[in-house]
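Record features (Swiss-Prot):
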BINDING   Cys9, Cys12, Cys28, Cys32  Zn(2+) binding site
Amino acid sequence: MNFGNKIKCSICKKKIFLREKNLFFPFCSKKCKIIDLYQWISGKYKLF
């Protein structure tokens, strides 16, 4: 079955499908989503 293009999770670099039913998109899992949220809260990410 063809789900379309693959992208990489920005946290763990696991490949995921663009059209895959994923509640945590653009991350591969809840864990990666929480890690990203923590990085925003802790100030690792900044908007200029």
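Cβ coordinates are placed from backbone N, Cα and C, and glycine is handled just like the others.
Remember, it's a predicted structure, so these values are computed and weren't measured experimentally.
A simple way to gauge crowding: the CB of Cys28 (Zn(2+) binding site) has 21 other CB atoms within 10 angstroms, across all the protein chains here.
Within 10 Å of the C-beta of Cys32 (Zn(2+) binding site) there are 19 other C-beta atoms, taking all protein chains into account. Each residue in Lys8, Ser10, Ile11, Lys13, Lys14, Ile16, Phe27, Ser29, Lys31 lies on the same chain as Cys9, Cys12, Cys28, Cys32 and has a C-beta within 8 Å of the C-beta centroid of that Zn(2+) site, without being one of the site residues.
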